[in-house]
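I have placed the structure first, in the form of structure tokens, so that the comments after it can refer back to it.
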Amino acid sequence: MISATATAAFLAAAPASSSSCTTHRRRSGLPAISASLATASSTEEPLLVRAARGEDGLPRPPAWMMRQAGRYMAEYQALAKRHPSFRERSETTELIVEITLQPWRAFAPDGVILFSDILTPLPAIGVPFDISDSKGPVIQSPVRSEEQVRELTPIDFEKLRFVGESLKILRTEIDGQAALLGFVGAPWTIATYVVEGGMTNTYTNIKSMCHTAPNVLRGLLSHLADAISEYIIYQVNSGAQCIQIFDSWGGQLPPHVWEQWSKPYIKQIVNKIKIECPNVPLVLYINGNGGLLERMTDTGVDVIGLDWTVDMADGRRRLGNKISVQGNVDPAFLFSPLPVLTDEIHRVVKSAGPKGHILNLGHGVLVKTPEEAVAHFFDVTRSLRYDTLFQGCVTEVLEPVA
């Protein structure tokens with residue numbers, strides 16, 4: 001494990017930095033990534049970043065897994081016994097780095113995603129939370145009034161230094177051999193926790209606010225969109241090369257309601273990032289997005305993640321091939337015989353086509369997933385070659401379904 005002393009020494013020795021986003025970001029006081037990390041030609045960039053941008057001529061699809069660092073790994077379980085608090089594990093630089101690197105060392109995925117949580121930035125905007133073993137996240141004072149929205153603060157990065165420090169260390173540790181991913185929650189998804197006070201199966205409070213207190217909800221979502229935008233820029237300036245936006249509970253909304261209450265705030269974020277950090281690909285993942293695919297295309301993101309309930313070939317037809325896709329092997333296939341998993345990987349890759357595809361699961365890795373299956377997933381992906389899989393095929397230009 002990387003010690004606190006080693007962490008401090010690394011950060012003290014970090015070179016002078018220059019922003020990887022547009023230069024006028026300097027006025028915001030956000031930390032900036034070092035020039036050595038910011039300048040790389042397309043051919044030097046990680047495979048995942050190039051696939052996210054939809055570049056031609058890649059040899060194979062890159063692969064990573066949502067929740068690839070975590071509870072299914074024996075190494076993580078041993079660490080969690082020594083550090084039983086999830087908040088400690090996800091808010092301590094040396095632990096974040098160690099946990100993030102565990103699957104990288106074991107399986108060498110093409111993407112290494114920061115070990116964190118979508119709720120991590122909440123205390124930095126004035127919303128404290130706890131995590132209960134039985135209930136999950138708990139927010140003692142749910143935000144449901146105009147006065148409470150006014151009390152929210154601009155995001156304070158002094159309270160998130162562990163995120164920036166971890167990303168800087170990870171970018172150096174990975175050393176260009178994979179893409180470093182950061183992530184955020186979408187405003188609607190974060191708001192579900194803030195309004196409901198934690199996890200919920202019904203979303204009745206926040207859904208009713210759409211009608212009973214729409215101005216309060218708009219104020220909350222707008223504040224979250226601003227904070228999340230700044231948080232993305234902070235992650236990019238600390239070393240993240242690609243950002244995934246999780247609208248985990250957007251799929252709990254009827255499509256027309258998602259269009260009104262989630263999509264505009266995602267677009268607000270994307271528009272700002274495309275101005276401030278135009279070279280950083282953005283991935284949008286919504287669990288249960290089969291009814292939303294066509295509505296997701298004009299959010300401005302570079303990649304749309306598909307969950308496993310959407311057939312990849314159908315998803316590609318509906319989205320067209322001018323936008324990249326991510327996914328979407330059912331996590332349960334990792335419990336199947338390895339030849340079955342191999343066949344499913346081949347099916348998904350062939351369905352996605354030879355361009356603009358990041359192989360992933362359709363959801364996070366399940367708790368008891370065999371590590372052997374995870375290793376096999378990445379071994380198979382590394383063995384793939386587009387020129388063999390699509391030999392003699394002519395790529396059809398697909399326009400998104402209107």
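For all residues, glycine too, the Cβ spot is worked out from N, Cα and C.
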Out of H363, H376, which one does Swiss-Prot list together with R67, Q68, A69, G70, R71, F86, S116, D117, Y193, S248 for substrate?
H363
Which one, from the binding-site residues R67, H363, has the smallest tally of other C-beta atoms lying within 10 Å of its C-beta?
R67
List, in sequence order, the same-chain residues at least six positions removed whose CB sits under 8 Å from that of S116 (substrate binding site)?
S90, I96, V163, F183
